[in-house]
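**Student:** Copied straight from TrEMBL:
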DOMAIN    1-193  domain 'Mannitol dehydrogenase N-terminal'
BINDING   Ala3, Val4, His5, Phe6, Gly7, Ala8, Gly9, Asn10, Ile11, Gly12, Arg13, Gly14  NAD(+) binding site
DOMAIN    201-343  domain 'Mannitol dehydrogenase C-terminal'
Amino acid sequence: MKAVHFGAGNIGRGFVGLLLHEGGYDLVFSDVAAPLVDAINAVSEYTVHEVGDGGTDKVVTGFRALNSAADPQAVVDEVATANVVTTAVGPTILKFVAPHILAALALRDPAAPPLQIMACENAINATDQLRDEIRAQAGDAWHGLSARAVFANTAVDRIVPAQPAGSGVDVTVEPFYEWAIERPPFGDQPPTIPGAHFVDDLAPYIERKLFTVNTGHATTAYFGAQAGVEKISDALADPEIAASVAAALEETSALLVAKHGLDAGELAEYRATILRRFANPALPDTVGRVGRQPLRKLSRHERFIAPAAEAAERGLPVDGLLAAVGAALRFDDPEDEQAVELQRRLRDETPAAFTASVTGLEPEHPLFARVEALVGRRQKELGA
Ligand SMILES: NC(=O)C1=CN([C@@H]2O[C@H](COP(=O)(O)OP(=O)(O)OC[C@H]3O[C@@H](n4cnc5c(N)ncnc54)[C@H](O)[C@@H]3O)[C@@H](O)[C@H]2O)C=CC1
Ligand SMILES: O=P(O)(O)OC[C@H]1O[C@](O)(CO)[C@@H](O)[C@@H]1O
């Protein structure tokens, strides 16, 4: 069995690649970073170091790497004969992966079992986004190709920080992980990934994950950055920041209870677990990494605006989430392109135009005026 995984970065090597290896797949990594591809091909094994309580070392073997920028045809050929394709490239990069998969489907033996495709990104229905991109790029040819692949959405959860210089291909991760995958697209032949669990309806899982782990993590990062703290675990040790994170997460939990009927007590335990994970002092994680790409994180279907909008529509409280949005608007990291663009746009756009274009909220939405007011406040701080 063969799996091709696009994106040999932190989550690619430290989580998806590891679980595919444990499932018995030969692994082909595809990436565009030539030094990383060379480094992977220079070793015959790498180690995933789980740090913190209960962590162990896991060794991954049976892999190689291809550079899809230098040799796209080699990637297409591998995908054409693979059983599974996964991605962990970032949701905005899926459109660049799509042409390789499309070309591979055109080459694929029509009698072969359908290619099982799963995007492992922090986004709601990322695999559907990838499928829609492939379908759009295929045009009319899609009718003849669609039966050659099945697409399943997934929710992936493991904290994999930026890796310290000199660690080579090895990856340091937290011990915890969760990989929930939609079962129905596979019929009675799901991929063999013992570390994953298959669910009939992914919506509650992905929203519970994105609106708790990712909302909480990003809230910690933005308040931490505002306080001048560098490490995530240090940020959470500040009682004021911890209270702000707790306030935002109580609101997302209330939404998850109202929307999906999740149990309030179980959600409280889930929140406690993730706060312990963020506080793991052995994890070298920074507010810069966790706060990265604030424009993506402030968009309509993401970890702040999506739950706040739905909560507001239901008349549920949103003060904690809006406070987190206010902190996100102050995220000013010169090394992060989106943070630089965020601060530039805050200077250049009216509060209404900024709110509409960045958050995607409609002017008549119950949340719009409150976000617009936060933007106006930030602009006053900037003297804009
Ligand atoms: N790091 C984490 O803790 C988690 C990350 N994720 C998600 O996983 C995705 C990747 O995140 P990380 O691994 O942290 O980022 P990363 O930056 O470490 O890895 C991304 C990799 O994708 C590669 N890449 C970029 N364009 C590509 C292309 N066109 N084709 C193939 N490879 C390409 C990059 O060179 C890089 O090696 C994101 O969607 C993130 O939200 C999800 C859960 C946890
Ligand atoms: O690109 P993003 O969305 O920040 O992804 C990384 C996030 O995902 C997580 O791994 C949670 O699963 C966090 O470590 C981190 O905040």
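Residue 1 is the first one shown; counting continues down the chain.
The backbone N, Cα and C atoms fix where each Cβ goes, and this holds for glycine too.
Those TrEMBL annotations? Automatic predictions, nothing curated.
Each of these features: where is it, how hidden is it, and who are its neighbours?
**Tutor:** Counting every protein chain shown, the Cβ of His5 (NAD(+) binding site) has 28 other Cβ atoms within 10 Å.
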**Student:** Tell me, roughly as an integer, the mean pLDDT over the domain 'Mannitol dehydrogenase N-terminal' (1-193).
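**Tutor:** Per the prediction, mean pLDDT sits at 97 for the domain 'Mannitol dehydrogenase N-terminal' (1-193).
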**Student:** When DSSP states are grouped into helix, strand and coil, how many residues of the domain 'Mannitol dehydrogenase C-terminal' (201-343) land in each?
**Tutor:** 101 helix, 2 strand, 40 coil
**Student:** Taking the Cβ of Gly7 (NAD(+) binding site) as the reference point, list residues of the same chain whose Cβ is under 8 angstroms away and which are at least six residues distant in sequence.
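**Tutor:** Once residues fewer than 6 apart are set aside, Gly7 (NAD(+) binding site) is near Ser30, Asp31, Thr87, Ala88, Val89, Gly90, Ile93.
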**Student:** Just the binding-site residues from His5, Gly7, Gly9, Ile11 whose C-beta lies under 6 Å from any atom of ligand 1, please, or none if there are none.
**Tutor:** Gly7, Gly9, Ile11
**Student:** Using DSSP and collapsing to three states, where does Arg13 (NAD(+) binding site) fall: helix, strand or coil?
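**Tutor:** The three-state answer is helix.
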